[in-house]
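**Student:** First the structure, then my questions, so here it is.
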Amino acid sequence: MLIKLLTKVFGSRNDRTLRRMRKVVNIINAMEPEMEKLSDEELKGKTAEFRARLEKGEVLENLIPEAFAVVREASKRVFGMRHFDVQLLGGMVLNERCIAEMRTGEGKTLTATLPAYLNALTGKGVHVVTVNDYLAQRDAENNRPLFEFLGLTVGINLPGMPAPAKREAYAADITYGTNNEYGFDYLRDNMAFSPEERVQRKLHYALVDEVDSILIDEARTPLIISGPAEDSSEMYKRVNKIIPHLIRQEKEDSETFQGEGHFSVDEKSRQVNLTERGLVLIEELLVKEGIMDEGESLYSPANIMLMHHVTAALRAHALFTRDVDYIVKDGEVIIVDEHTGRTMQGRRWSDGLHQAVEAKEGVQIQNENQTLASITFQNYFRLYEKLAGMTGTADTEAFEFSSIYKLDTVVVPTNRPMIRKDLPDLVYMTEAEKIQAIIEDIKERTAKGQPVLVGTISIEKSELVSNELTKAGIKHNVLNAKFHANEAAIVAQAGYPAAVTIATNMAGRGTDIVLGGSWQAEVAALENPTAEQIEKIKADWQVRHDAVLEAGGLHIIGTERHESRRIDNQLRGRSGRQGDAGSSRFYLSMEDALMRIFASDRVSGMMRKLGMKPGEAIEHPWVTKAIANAQRKVESRNFDIRKQLLEYDDVANDQRRAIYSQRNELLDVSDVSETINSIREDVFKATIDAYIPPQSLEEMWDIPGLQERLKNDFDLDLPIAEWLDKEPELHEETLRERILAQSIEVYQRKEEVVGAEMMRHFEKGVMLQTLDSLWKEHLAAMDYLRQGIHLRGYAQKDPKQEYKRESFSMFAAMLESLKYEVIGTLSKVQVRMPEEVEELEQQRRMEAERLAQMQQLSHQDDDSAAAAALAAQTGERKVGRNDPCPCGSGKKYKQCHGRLQ
């Protein structure tokens, strides 16, 4: 009560921020007559003037009034569009490291030109981030004339572009691209083998469009660059045949309940749990199929990978539905983004889930991948010196923006008051009744010429509504992930009188729905339109526009509530843009996922008390409130998941930053010999310590062990026992010095053969390759640690603290391994004289010719001795990466001679 009273007196924080900014808007408006007097050349010259002032030490914030006035004037001259006062407010919010909530149709794209221009004056680059390539390209091309008029360069960063083109795009003053592409470029830059391969500059200012979609909805999805792991596609197919034999039960087994089924599904956490009965059946089926031996347990350590396959297959069948979570197109399983309804080409689920879905759908199973580099959007965007974003719906997530990204949310007022009517929700008992009511509503609305937009939460639901409309003889358009290409054209004409459009989640669609349809689209369809044709099209559009307004504007129908209120608000926000008339209503049923999981008991109890008949709906503020509470529950749960993810990823992030900064330092220097020498000392000291403990008696020394270790690990054959016999005065310290000196001498002899420059280049390559290889293995180990760490909670230990502690010791161990492996590889490398190389090459060519001749012989006579010899030659077993190395060192092949291949 007191807070409400204080807010009334002093205004909310949002009001105070806007009040402060309005004073600056007045200054900008006062400058307008002065700017209008400038010639085009003088207006362009302002950019150079601002840059000169910044170089002399003026603060960027001092330039705001003048810079914004310049952009507004340039926009009037180039586009014939003048920034509204609210757009100037939005521009200032975006410059202050804040999130600007601006309603749909308020001109976010034009608003973004203000802070983009201001921050580009520093010369450090501005990244404008969009949700898809189409929007990045569209916004870049639309705004290019304005920025180029003001003397700034514009770049577009698209997937698949060659490195030189990307480098050029990043070198521009303002770069447009998608969140995925910026993140992947960052990871690729940190896997480069020379400074020239890197494309990004230092991350300075990011301006994120649809910021809630990118920083919240996609925050749980890490960006991963992966390489192929071993092939296990056959196992996915074999395990997939077993799953259809299992029966689902409604509840999980407990002390009070024992079900008849084999597994239960927890829809809230999207997990599948096997029951005791299910485990027994699966083990029987695995034995019957010959996958597992009789008497073995699925939980034994030897079957850990098999358990992984069973879990993945069970999740694929029980949790993932075709045309909801993914579509199958051209024999490929493509993920559908649950938040935007778009397909995510090239993205794959990890942990074998994608392969399990491919096996379920009977398409070709692609190899599993191993993570080479990964980062979450949360951590990528926090790398920027300055971050800001804009969206139509941020206020519901203001707390999350503030606590994770340290970004305040400012709600920017609309240019004209909002007059859309948001009608209360209607709740039906069954899905069929709800769909029927939606069809009736559409019939009523279209009969009076009102356009209707129907929002669904999955492709499956959009096709269900589409089929019902077809049966009812209502003409309509469908916009979902399957019909991606016609997207902009369909949305542009969704405001046509009596038009019916069905769309999956509308987030980030980026095209305004203009009442009466888009006259620009009609003009664009003509080849060479005359002025008369354009005037006629505009006049016809005005008639349609007025008719639609008369009918009540665009009507929005939500076929069910989404988990997040924000996405419902995005759907509503398509109507009532720029003060237009409009209306919206959500239709729900007790069979909807959200109602079933979170709100069923209270609402169905209410419905029973009211004695509802089939086809009747309940419409009451209490119901709407109960649903809003259910959504709040889901939102807070999702927030907790994202926060947890971030807390764990922060540990990996500190390590990632350390590795990447080390790697960049390595890339930028040409001579790493000093580092190599320092590492060599550490490695030899630790190696000798293991066999000659410091300050110990000679009886405690293990000289044969040391000699063998030096030979195996560093290819150093030293007669240490002989030295000690012949030189009694040789003590521990001088012995250590001699071993190190010998290793340096052998290394220097190699350097003399190939030359210093070649050796420096080789050293750098070995360090980079070893670092990348160990980092890749460390990432996999961190993944395994992360998956099982929650079990420490049962031992009364804090899983987060345990994760931090263990991952730190793993990181320290990795850095030690790095030293050993670098020195080991450099010590074992065989250096040849040029004439020796020539001789070996000659031998290799002769051997190749001999094999080719033998192959010809084997074609002529399969039973010949030559064919047998060839078979023996080619049938030699290939050593697996994880097998013991044939050299007898006791190490895995990949960590010994396999590394040198």
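Note that Cβ sites are derived from N, Cα and C of the backbone, with glycine treated the same way.
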**Student:** From the ranges 214-256, 859-901, pick the one that Swiss-Prot records as region 'Disordered'.
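**Tutor:** Matching range for region 'Disordered': 859-901.
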**Student:** State the count of C-beta atoms found within 10 angstroms of the C-beta of Lys108 (ATP binding site), not counting that atom itself.
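**Tutor:** So the number of other Cβ atoms within 10 Å of Lys108 (ATP binding site) is 22.
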**Student:** Quiz question: given the binding-site residues Glu106, Asp512, which has the greatest number of C-beta atoms lying within 10 angstroms of its own C-beta?
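**Tutor:** Per the Cβ count within 10 Å, the most buried is Glu106.
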**Student:** Counting all other Cβ atoms within 10 Å across every protein chain shown, which of the binding-site residues Gln87, Thr109 scores highest?
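**Tutor:** The most densely surrounded of these binding-site residues is Gln87.
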**Student:** With every protein chain in view, what's the tally of Cβ atoms within 10 Å of the Cβ of Gly107 (ATP binding site), excluding that atom itself?
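**Tutor:** Around the Cβ of Gly107 (ATP binding site), 18 other Cβ atoms lie within 10 Å.
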